[in-house]
Each structure stands twice: as C-alpha cells, then as structure tokens.
Amino acid sequence: MATLHLDNVQIHQGLQSLLSLDTAIAPGEIVTVMGPSGVGKSTLLAYIAGFLSPAFQASGQVRLDDTRLDTLPAEQRHLGLLFQDPLLFPHLDVEGNLAFGMRRGGERRERIRAALASVGLEAFARRDPATLSGGQKARVALLRVLLSAPRAILLDEPFSRLDAALRDEIRQWVFERVRDHHLPTLMVTHDEADARAVGGRILTLTKPDGSGNLYGREYGAPGS
Amino acid sequence: MTAALSYRLVIRTLPWLTIGLLSLPVLSGLAGALAPAFGWLPALGGEQLSLAPWRELARVPGLGEMLRLSLVSGLGSALISLAVVVLFLGSFLQSPVYRRLQGWLAPLLAVPHAAAAIGLAFLLAPSGWVMRIVSPWLTGLDYPPDFAFPGDDWGLALILGLVIKEVPFLLLMSLAALVQCRADERMMVARSLGYPPLTAFLKTVMPGLYPLLRLPVYAVIAFATSNVEVAMILGPTTPSTLAVAVVGWLHDPDLTTRFMASAGALLQLLVTLVALLGWWLVERLVVRLSRGWWQDGHRHCGERSLSLLARWAMRLVLGLMLLALAGLALWSVAGYWPFPQSLPWPPTLGNWQDAADGLLSPVTQSLAVALGATLLSLVLVLGSLEAETLRRRPLRPGAQLILYLPLLVPSVAFLFGLVMLQAQLGQQPGMLAVILGHAVFVLPYLFLSLAESYRRLDPRWAQQARSLGAGPWRVFMGVRLPMLLAPILTAAAVGFAVSIGQYLPTLLLGAGRVETVTTEAVSLASGGDRRLTAIHALLQLALPALGFVVALLLPRLLFRRRRGLLLSH
C-alpha cells in the first residue's frame, strides 16, 4: 500500500489564500483535519478527490507514493470518498450499489455476498436501499467504497448524521476496516469526539494571524 | 481517455445545436419573408425589388380593422390573464386553494389551444350547451337565440378563448418564479408588519416576481397578437385578424398573392413588436408610479372586493375550460340533439364508429411527428443541461432569451418565410420539415420543465459515482438519467403535448401532406359537423393525456421497489 502525500497544497480563492497544508499519510494511518464549519475543510477534500470548484485555484501536488493524482480526472484517482450522507443510489438495489464501484469480471457477485456476510447483511443483497436503517446504510456505503479497491480513503464528516447511539459503534467499525485494509485515510470533521476516537494526528485549520488566512497546524494526538 | 474525450465533444456540441435549432429557423424564416415582401422571389417570377407588395397590402379592405383586432385581442387577453393571475396569487398564495390548484396546472396547460377553442365555441354558441341548460325555463326560448358567438365583431370570444389558456400558463410559470424570489419570506415580513395578503403581495412580492415573469408575459402577448387557430375558430371573419388573413393569402391559388402575403407576415411581426413595445412602456410607467405606493404605508387596497373578484374570475376561467371539454365529450356521443334539450339522449357510439376509419391516419401522423420532435428536443435539452454541469454554471441571460425566441417572434411570420425558402430552394415539404418545425416549439417548453429538477440534483451523487471510478458517460447514463427519470418523462410529456397541439407548423411546413388530429380538428371546426369536430378535438386531448399517464406510471413501474427514488419527486 502506498503513502498519500500532500505536498505544499495551497488553495486560493482569487487573491485570498484559503488554506495550506503539507503532510504525508502512511498506509493504515488516519489523520484528522479539524476546524469550525466554513473554513474550507470540505474544499480541501474536494481538491484531493478532484472536484474543486472553478472558483478556487490550487497549487502543490497530491501523490500516492510516486503517482501524481492531482493531474488525473476524479474517476482515475481511486480515492474512496465517504460523505456525511450514505448516498446509496436510489435506483439500484444494495447489490447494484456495491457492484457500481467494482471492476468488471472476477466473481463480483461472490465478493459482494462475502462482503455483506462480513457485516451480517447477507440477506439484504436485493433490498431497496431506502428500506435500510441508518446504521445499515452507513455500512453498505463503506463496503461500496472498500469493494471499489481504493488506494486511500477520504472521510467528509462521515458520522455527523448518525444517531448518537450508533455513532460510536459505526465509527469504531469504519476505523477498524480502514486499518485492516492498510489504507491511508484523511478525515475531515468538526466533532472532537471523532478526533479522540481515532487517536492519531490532528491538523487544525485556524485563523492564526487575523489576516483571514488559514494554515494547517499539526498537533500530536490528544493526551499523548 | 477516449470516452472522456467523446463525452466532452458531444456534450459541448449539443448546446450549440440547441441554439441553432432555436435561432436558425426563426432568423432564416424572417429573412425568407423579407425578400418576397419587397418583390424578390425568382421561383415565382419576382426578380426586381419593389414596394408593390406593400401597396397591394395597403389596399386590402378592412386592413385597419384587422390590425386593431390583433392588437386589442392580444393585449386585452394578456392584460386580463395577468390581472387574474396576480390578484389570485396575491389573495390565495398562502391558502389551501392555491395548493389544490397546483396539481391542475400541467394538465390544463396540455390542453391544445384548438381543442379549448372548439370546446368554448360549442359551449357558448347560441345553440351551445349553456343556452340549452338555461332554456327554456330561464330564457323562455324554444329556438336558439340570434347572437354572434363565436366570431363577434369585437373579438370577445377570441379574448375569452385566449384567456382560458393563458391563465394556466402564467400560473405555472409563476410557481418556479415565486420560489426563486422567496415570495413566502416577503409575504411573512409584510404580513407581520400589518399588511393583509393582497396588499402585501402587490407591494412586496410583485416587484420581485414580475421581472421573472416578464419573458413568459411577453410570450403570451406575442402568441395572443399573432395566433392563427384560436382566431380562426373564435375570432370574427369579416375581417379576421391579420394572422388569419396572412395564412389565407398564402393558400390563395393565385401564386402572385404570396408577395403581398409576405408583406403581411412582416406587418404581423411589426404588430407584435408594437404590442410588446406598448406593453413595455406601460410597464415602465407603472413601475415609476408605484414606487411611492410601495412605501407609503397604506395597508389596504380594496382587498375584499379584489379578492372576491379574483376568486370568481379564476372559477370562471377554470369552469369554462372544464365545461368546454365536457361539452366536447357530449357532442362526440350525441345522436339527434335538438335545442333546448340539455343532454343528448340516448348517447350513441355511432359517431365514433363512423369516424374510426378516418382517425387512424391523423392519429399515427400526430404520434410520429410528436415522438420525433420530442425525442430530438429531449436529446438537445439533456445535452444542454449536462453541459451546465460541465461548466458548473447555469445559462446566461442571453441564452435564456434564445430559449424564448420562438415564443416571442410571431410564428406566422417566420414559418411563412420558411415556406418561401422551401419554395425558392425547391425543398420538398413533408414529415421531416414538420418534425423540425415542431421541435422549435417543443424544445423551449421541454427545457423550462426539466431545467429546475436537473439543476437541483445534488452534485455529490456525481462526485460519489466518479470517486467510485465511473467516467463521465457512466455518471450521465447510469446515475443522472435514472435518478431523473420521473422529471425527464414529465418534461417529455409536456413537449409531446405541445407538439400534438401545434397547428401552424404542420399546416405550413407540411403543405397538406401531413395531417394531424389538430389540423383536422381546426379545418373541421369551420364546417358544420359538431360531432366529428368534437371527436377530433377529444383526440387532441387524449394523446397528451396518454403521454402524461405514461410519464406518471412508467417510473412507478420500473422503480416500484425503489422507494427513495419515488419519494424524492
């Protein structure tokens, strides 16, 4: 598995610099980016994933080991993206959603069955995603990303829409899976509980000098 | 890589084809009318520029009356329709009446002009249904009275026929505009400051709403000053409106009349421009005069009587439309139906059986033209909307104007020029020309119906799909199209209905080789056979209705086990 590098990434909006970040995320490491809403956390993820709005300009490089990603179209970056909402395609059943991200050929159905069985959802393959519970949807959404064979994972406030009771359980489950797969993972969140649960490095986006500019500043894991 | 390239190529080309389809026929059509209007049309022996066609036009008896009729019926019907819509919205925007009405608008809009006009004529004629219902117990009449309707000299029947179609159109256009100008918030603020609903609406919503309704209102004026089929069925005949006269001249066996007819087509363009200009000037004046009124603090403007008026005007408009359509159904099953019986008894299917053989051809031709025009428009509209997602910004105001171009330029003027071009270039009129001609009118409605849903689809769906490795074609075909299937089919049904209702492009571009239920209904309407006319008018209703049923049921069938998809629309 490769390391995800963000080399001198700077995002501007016109003349105003929005954020800058320089870091590397090792396989199986989960790095958290924190900051209040509206400071450009989601813009950072959009840039890495290849969806930066034309209103912004970015410089720097995104690499997986030696493969440069920021010059590739989004669909060739193989970055698994998980949003706040599970975004299961409503016109496909559970199996269809999982198959959507997989490559053609190679016992797709068997792998889907095995993946569903691993989370106790083996009976749900032909179900309408709208009939699933919140926790089930979250699981299927992560399975879909993992089955698409990503080379890194981007989490965009992935637990904020879950019930408080479910949140801890799903959170632990997602982190375990990501680590099992040895995927470098970048999580954007405003919830400190997310950061504490990861226990890894935290980058905080703040306004350090009153100029309105935002910089990624590294801290160690809380309590370490 | 090649897939991404082909996607960009196709999606970037389609908006240009759309612009071409909307503007080229209009511009070349106007040019095609311009040359013969000044005597130049070599195919008919006109090889010298002259003003003779205009001199001939000026000598047409009753020309002044024609112009007056076109202007008065056009501006009058637009003014009445706008007033009814504005007063109704102002009085009932936040009431259940308004919500109940919304579901009726699209079907009402799908009623072809000709069918509504025929129904209205049969309803209000001296021997029509209304007279039969109130005779003889109320009127004391055993024979139909003697008054001119339809076809009264003032054009009142024509104005009424236009109003019952324009009110649903303006209401439907207001739905999106009201959301866009945040009408609810404006109303809430004004009402919390002590303004009753109608005054609150006129003083705070209207200034934001009208600019968004301006193009639809102009389209209404352009249509009302220049339409042919409603004026043929409901308008006076001695003389008729200018547009009807121009179409008559075009069909004059004496081919040299076409030079004068070309001048007439351009005069129609001028008449519509004058009407639009006049409206625009009044609009400026009203805005200037109301500035003070908006902020003078008066909380009332005759609310109660105006609201009452709006309620009854809306009931009248919708009631006339529904009664007119019900009347058509009665006439289609009427055997012997003497005045003043209110119902034809016993009803008979004989009329339908007699007509059946003759219906097959117009129905299949209607379907062929409508499906062709709808499919072509759908591809162009989907391409244009998809291109917006590529550029990540909606249409510029200029593009919006192009969308309205075929609705703002009188169709009789540019279609006439296209016929002249056909003649000059030796092009055969026929099915293909008719389909293209219909698409010019279908496309704007299809676009306006679909754009809102297409733009509202959460961009994260596409982002999720692409991050899972789907290329742009797969995102379009595998995610956007299926997720938007319901609104796409509804928009297609609207386009299909528009095509079924088209009269003039079929008549002019098909040169008699293409006969649809609409051209048949209009030509029958001038004859005396009410039963056969009613049958054709009902078919005009049935075909669009069929389209809407398919649009409603197909997604429910395909996605019957996909609750998330059906609930979101």
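Glycine is no exception: its Cβ is also placed from the backbone N, Cα and C atoms.
Whatever TrEMBL says is automated annotation, not expert-curated.
Feature annotations, courtesy of TrEMBL:
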| type | residues | note |
| --- | --- | --- |
| DOMAIN | B:63-278 | domain 'ABC transmembrane type-1' |
| TRANSMEM | B:69-93 | transmembrane segment |
| TRANSMEM | B:105-134 | transmembrane segment |
| TRANSMEM | B:154-179 | transmembrane segment |
| TRANSMEM | B:259-282 | transmembrane segment |
| TRANSMEM | B:316-339 | transmembrane segment |
| TRANSMEM | B:359-382 | transmembrane segment |
| DOMAIN | B:363-554 | domain 'ABC transmembrane type-1' |
| TRANSMEM | B:403-425 | transmembrane segment |
| TRANSMEM | B:431-451 | transmembrane segment |
| TRANSMEM | B:484-504 | transmembrane segment |
| TRANSMEM | B:537-559 | transmembrane segment |
### Task
Flag the pair the transmembrane segment (B:154-179) / the transmembrane segment (B:259-282) as in contact if three or more Cβ pairs fall under 8 Å (sequence separation 6 or more).
no
### Query
Near the transmembrane segment (B:105-134), which residues from the same chain, at least 6 beyond its ends, have a CB less than 8 A from one of its CBs?
141, 144-147, 149-150, 157, 160-161, 164-165, 168-169, 171-172, 175, 227, 229-230, 233-234, 318, 320-321, 323-325, 327-328, 330-331, 339-342, 490, 493-494, 497, 500-501, 503, 518, 521-522, 525, 530, 533-534, 537-538, 540-541, 544-545, 547-548
### Summary
Long-range CB partners for the transmembrane segment (B:484-504) (under 8 A, at least six residues beyond its ends), listed in sequence order, are 106, 109-115, 228-229, 247, 366, 369-371, 373-374, 377-378, 381-382, 411-412, 415, 437-438, 441-443, 445-446, 449-450, 453-454, 457, 516-519, 522, 540, 543-544, 547-548, 550-552, 554-555, 558-559, 565-566, 569
### Task
Would you confirm whether the transmembrane segment (B:431-451) and the transmembrane segment (B:259-282) meet the contact rule of 3 or more C-beta pairs below 8 angstroms, pairs 6 or more apart in sequence?
no
